[in-house]
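Engineer: Have a look at the structure that comes next, please.
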Amino acid sequence: MAVRHFIEPNSFSLDEQLALLDLADRMEANPAPYAHLCDGRILATLFYEPSTRTRLSFESAMLRLGGKTLGFAGAQLSSASKGETVADTARVVSNYADVIAMRHPKEGAPLRASMYARVPIINAGDGGHAHPSQTMIDLMTIRQRKGRLDHLTIGFCGDLKFGRTVHSLTAALSQFEGNKFVFISPEELRIPQYVKDETLTPLHQTYKETTDLEAELPALDVLYMTRIQQERFFNEEDYLRLKGCYSLNAKLLELAPPDMPVLHPLPRIDEIKLDVDNDLRAAYFDQVHNGVYIRMAIILALLGIPDPLTGKTVLN
Amino acid sequence: MAVRHFIEPNSFSLDEQLALLDLADRMEANPAPYAHLCDGRILATLFYEPSTRTRLSFESAMLRLGGKTLGFAGAQLSSASKGETVADTARVVSNYADVIAMRHPKEGAPLRASMYARVPIINAGDGGHAHPSQTMIDLMTIRQRKGRLDHLTIGFCGDLKFGRTVHSLTAALSQFEGNKFVFISPEELRIPQYVKDETLTPLHQTYKETTDLEAELPALDVLYMTRIQQERFFNEEDYLRLKGCYSLNAKLLELAPPDMPVLHPLPRIDEIKLDVDNDLRAAYFDQVHNGVYIRMAIILALLGIPDPLTGKTVLN
Amino acid sequence: MAVRHFIEPNSFSLDEQLALLDLADRMEANPAPYAHLCDGRILATLFYEPSTRTRLSFESAMLRLGGKTLGFAGAQLSSASKGETVADTARVVSNYADVIAMRHPKEGAPLRASMYARVPIINAGDGGHAHPSQTMIDLMTIRQRKGRLDHLTIGFCGDLKFGRTVHSLTAALSQFEGNKFVFISPEELRIPQYVKDETLTPLHQTYKETTDLEAELPALDVLYMTRIQQERFFNEEDYLRLKGCYSLNAKLLELAPPDMPVLHPLPRIDEIKLDVDNDLRAAYFDQVHNGVYIRMAIILALLGIPDPLTGKTVLN
């Protein structure tokens, strides 16, 4: 049987994505039956750029399944500094681990790795391209809060140009009927044309673009905030000018519906003020919590381990 | 029940501190009954500055209890580089681990983390402030060697200004009756006034300050040596002038009582010569050995896991 | 009983080396009986310079034996930055782990560590000196491919001056009768005189030196390619001139015997082209695969754990 990988959300069919969300929900409700499913298995975390959250979340997921981990937390700690290709690293690490989570600054690196690996590759973020486990987390959190993934008006606010989580979630939500997308950003950080061309237009999704968060707030079902990412800018000046352009606070949130969850992939800087944290609509720490279960589900899916409660695997 | 943290020695009451030392002694004598108490539990080691000894000691402690670990070993490997606050990191990592050991260059960072974490925080050293697990190790080692923690004359020698282990141990030993403190340092590295004001004076402890190690040696029950820490100096010149100011060797040790243990928090550079290592009074490698048991005891204490031999928990 | 270490291949007698290879072969054929032999044991990986392959291979080995790991992946993450000696680190880490794998840029550092450690030290590569687990991997792979370790003509090609794997393997193969050594390198990177003086000459081994790979290929039983290692050069110019001096490709390989395995310690840059990878003679990914079993065998050997299938330990 061919090895499956998780490079972008649609590496899994829509049915498989939904099965993944269901499994994550079941594990969150009742983790005990899953605590030894990966005994004796090893996850490698190959992180060519640092990420506390994503790396530790994957490692925690594997540990909570009974498995073990190894890996590196920065390119300077890897053989990349000796000029090794991602293809060779993937082949090599296939001997050390049963599944690999890879973060890489270059778009396409995990895909390339998957062409050479003998074990499943999980894309844990590749430059501006995709971060599919984050997308599953976002879907899980929205579904928990709203009870559905269709017929929603979703506002995306902040850096929509470089924010790969926005691109991925837009694509993922486009699979469902009746969603409306509101893209709120400064002119310089608008959603790229290719995202609209490739995901919104072909599926006849409704969207609009605006710079005005305040005006849109009352009509949103979901608000997805993002950080202006310094590391994606080529010059400091542009970053400094744009970094404070949106800032959600308790006052502003009064304009929003009482059941509008606020999501954010974290880390956040100033774009969500601390006075929002205790508002029941703040869903970004839920996302972190859900992240471990989503990653547990991805690992089980790719290793072909069935849910002991249902007897079913996520992938067909 | 409120989550307890270990931010400084007196985060625990004196009774609790003594219960912790007792537990560590029992585990050192007989580790087997404790080998699976943390099966399925995870320790996160969040080290914003490098420390082989402390990080590996905490990790070894958790592994020897049957638990698992994850974390990072330097700020450059964390999301701190993206501007995340310690508060957010603490909230986030609460989802990945059952207990967190944090080292941070800024005083107060672990305290701040503890205000936001949903799991226990252990301060593994915060700048010049505190390093409470080291203090417990020092107490354990002194008690093993001297049979008591009171009515002792303790000499502290070296960098008493920046040496947080000295400040913490001074405070801890001030809790016991009849101790005398001899602070031996160059003028520039004298014990800070606030340490004397806050811990020694209120408790009517006896102390003196001097620059002369040799003159004090014959009267000491315990000698606590410290490293002149280059990383705490603002200019290289001061460091170079002071780094060799005290150097304990076999010859000098002839002046000391035959049962005066020599402690040092390590790493050492030149302040204790190699010819001291085989002297029975050398207790600094005992400290390292005890360190694992102290950290096992701290983890068990904070997780509320009772000692299977006594049925009791460390914390009330 | 004295603690044994693995600092260079002949830290083990020839009989012990062969017992080690036999154990690795048995584990590769059937890993299941070995999966819990190191339950409760800890491996420390102390890597003073980065190495994805070797570090992860050792960690995978320990995990596959049921053990656990801790350590650091670069000197900047260790107390070396505070001036601690390797001797002190070895003594300290003896308290945290049951066996230590150490990589260090300075020749002799693991040997020095072994003089102070209370647990076994494995040299995981020390500068230009030795990398004995790699040598065992090379022997295991050659024996699998050729059925023997004697009466072979072995070509070594590339950087024979700084390539420690070449020096170690030359010494190891010199223990067997009738081997012929063909050293193929640019003038500047010839095999050092001391290697010839110390290992080849006393054992009356036959060898030749040449710059011409193509001419030698038809007569080789085994070809061992190496990378021109940038990190060993003092100036960039020399590196750039020499780095592309040999490059094995499918076309060139047509000149070689059909059963001549091509070994390489990896990582490779350009010295073996991708079109060689699918040739059955390509043995370098076999080496990676064997690496985990060799390291499992080394750990079991040094911990004195007998093979459950034979009841025997590797070391006498």
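Backbone N, Cα and C define each Cβ position, glycine as well.
TrEMBL: automatically predicted annotations, no manual curation.
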Engineer: B:Arg53, B:Thr54, B:His131, B:Gln134, B:Leu266, B:Pro267 show up in TrEMBL as binding carbamoyl phosphate; which entry in B:Arg26, B:Arg103, B:Arg241 does that record put in the same site?
Structural biologist: B:Arg103
Engineer: At a CB cut-off of under 8 A, do any of the binding-site residues B:Thr54, B:Lys82, B:Arg103, B:His131, B:Gln134, B:Arg164 come close to chain C? List them or say none.
Structural biologist: none
Engineer: Quick check: with B:Arg53, B:Thr54, B:Arg103, B:His131, B:Gln134, B:Leu266, B:Pro267 left out, which same-chain residues have Cβ atoms within 8 Å of the centroid of the carbamoyl phosphate site Cβ atoms?
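Structural biologist: Near the carbamoyl phosphate site, the remaining chain residues are B:Ser51, B:Ser57, B:Ala124, B:Gly125, B:Pro265.
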Engineer: Output, ordered by sequence, the same-chain residues six or more apart from B:Arg164 (L-aspartate binding site) with a CB under 8 Å from its CB, or 'none'.
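Structural biologist: For B:Arg164 (L-aspartate binding site), the qualifying residues are B:Gly125, B:Gly127, B:Gly128, B:His129, B:Ala130, B:His131.
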Engineer: What Cα-Cα separation, expressed in whole Å, is found between B:Leu266 (carbamoyl phosphate binding site) and B:Arg227 (L-aspartate binding site)?
Structural biologist: 7
Engineer: Mind sorting out which of the binding-site residues B:Arg53, B:Lys82, B:Gln134, B:Pro267 are close to chain A, meaning Cβ under 8 Å from one of its Cβ atoms?
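Structural biologist: Cβ contacts with chain A under 8 Å: B:Lys82.
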Engineer: When neighbour density is defined as the number of other C-beta atoms within 10 angstroms of a residue's C-beta, which of the binding-site residues B:Arg53, B:Lys82, B:Arg103, B:Arg227 has the lowest density?
Structural biologist: B:Lys82
Engineer: Fill in the CA-CA distance, B:Arg53 (carbamoyl phosphate binding site) to B:Arg227 (L-aspartate binding site), as an integer in Å.
Structural biologist: 15
Engineer: Near B:Thr54 (carbamoyl phosphate binding site), which residues of its chain come within a Cβ-Cβ distance under 8 Å, counting only those 6 or more away in sequence?
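Structural biologist: Result: B:Phe47, B:Arg103, B:Ala124, B:Gly125, B:His131, B:Ser133, B:Gln134.
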Engineer: Rounded to the nearest Å, what's the C-alpha distance separating B:Arg227 (L-aspartate binding site) and B:Pro267 (carbamoyl phosphate binding site)? Just drop the number here, would you?
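Structural biologist: Distance (Cα to Cα, whole Å): 7 Å.
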